[in-house]
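*Asks:* Pasting a structure here, questions to come.
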Amino acid sequence: MSRPSLTRFLIEEQHAGRIDAELRQLITIVSRACKRISIAVSKGALGGVLGDAGTGNVQGEAQKKLDVLSNDILLEANAWGGHLAACASEEMDHSQPVPDQYPSGDFLLLFDPLDGSSNIDVNVSVGTIFSVLRAPKGTEKPGDEHFLQPGTQQVAAGYCIYGPSTMLVLTLGHGTHAFTLEREEGSFLLTQANMRVPEDTAEYAINMSNQRHWEPAMQAYVGDLLAGKDGARGKDFNMRWIASMVADVHRILTRGGIFIYPWDKKDPSKPGKLRLMYEANPMSMLVEQAGGAATTGRERILDIQPTQLHQRVPVFLGSKNEVAEATRYHLDADKA
């Protein structure tokens with residue numbers, strides 16, 4: 001029996017009344033853009049796309065050539081279809097409405113065009129993360145303020161991981177599903193429906209080099225993980241860290257674990273590393289739809305009311321019971 005394609009999956013979701021034609025078109029166009037990015041990434045040095053672009057983004061980070069190329073691909077692909085009102089990117093200072101010469105649609109698209117791009121030159125898996133919101137009714141030219149909706153308002157979220165195979169992981173609010181790119185025919189085919197994150201885990205992903213900058217609750221939590229079966233947790237834990245959020249979260253969606261990027265005082269102007277709108281919200285929706293959980297260590301990420309387009313937050317996401325345990329350490333410390 002042949003595997004359903006992404007196109008068929010989306011049409012069936014539309015027939016079931018779970019999405020409308022505009023959202024189906026939007027996801028289809030994003031998936032096509034991801035195919036183009038996948039081709040560019042796979043060429044590596046042969047495509048002349050490695051290295052720095054010589055520019056910086058609004059985050060103050062040096063842009064890679066592939067950051068800029070991926071951003072341009074997503075902008076161009078989504079400009080003219082009539083399904084989008086505006087888009088916002090980690091690589092742009094402000095949101096960008098659809099050009100005047102094209103029809104405007106009902107949706108807002110946010111994306112990190114190439115998450116983990118610092119790993120490109122060493123051939124580690126990277127990916128595109130995206131989030132879809134509805135434009136507020138009556139909004140003719142959406143601005144930054146119209147994107148400031150809590151993650152619970154997302155109508156779709158996903159990522160495309162460019163690794164040994166290219167995979168699109170998607171939620172439309174009814175489970176999380178994985179599609180693998182069949183390169184010969186150029187189609188994303190459903191390879192894992194209704195992904196489930198195990199409730200318990202003995203695996204965590206964190207950058208331990210920042211340990212000295214963590215708050216006491218975080219120090220205590222990781223200290224107990226490191227103590228293993230001889231400590232308070234009574235079991236051994238393994239640590240994994242790829243330094244590419246897409247790759248780390250994909251592993252957790254596949255076999256469980258907890259991904260942690262906590263609050264730290266390394267840079268007081270950036271106490272949280274990850275962006276709420278482009279990374280934390282879409283990944284939290286995907287993980288929750290797969291039975292996992294996602295918090296800042298103190299509150300559910302999807303409940304946060306954003307105040308800035310490029311807002312940063314701490315992130316704890318993955319296996320539900322372990323996220324709850326990590327959150328408990330922080331809440332108990334706050335009460336002490």
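Just so you know, the numbers here start at 1 and follow the chain as drawn.
Backbone N, Cα and C define each Cβ position, glycine as well.
Pulled the feature table from Swiss-Prot, pasting it below:
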BINDING   Glu90, Asp112, Leu114  Mg(2+) 1 binding site
BINDING   Asp112, Asp115, Glu279  Mg(2+) 2 binding site
BINDING   Asp115, Gly116, Ser117, Ser118, Asn207, Lys273  substrate binding site
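Set these features in their place in the structure for me.
*Replies:* Every protein chain shown contributes to the tally, and the Cβ of Glu90 (Mg(2+) 1 binding site) ends up with 23 other Cβ atoms within 10 Å.
Sequence-distant neighbours of Glu279 (Mg(2+) 2 binding site) (same chain, 6+ apart, CB under 8 A from its CB) are Glu90, Asp112, Asp115, Ile129, Met245, Val315.
Within 10 Å of the C-beta of Lys273 (substrate binding site) there are 20 other C-beta atoms, taking all protein chains into account.
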*Asks:* Can you check which residues sit near Leu114 (Mg(2+) 1 binding site), meaning Cβ under 8 Å from its Cβ, same chain, 6 or more apart in sequence, and list them in order?
*Replies:* Ile37, Val41, Lys64, Leu66, Asp67, Ser70, Asn71, Ile120, Val126, Gly127, Thr128
*Asks:* Apart from Glu90, Asp112, Leu114, which residues in this chain have a Cβ no more than 8 Å from the mean position of the Cβ atoms of those residues at the Mg(2+) 1 site?
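*Replies:* The answer, listed by sequence position, is Asp67, Ser70, Asn71, Ser89, Glu91, Phe111, Pro113, Asp115, Ser117, Thr128, Ile129, Tyr278, Glu279.
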*Asks:* Give the helix, strand or coil assignment DSSP yields for Asp115 (Mg(2+) 2 binding site).
*Replies:* strand
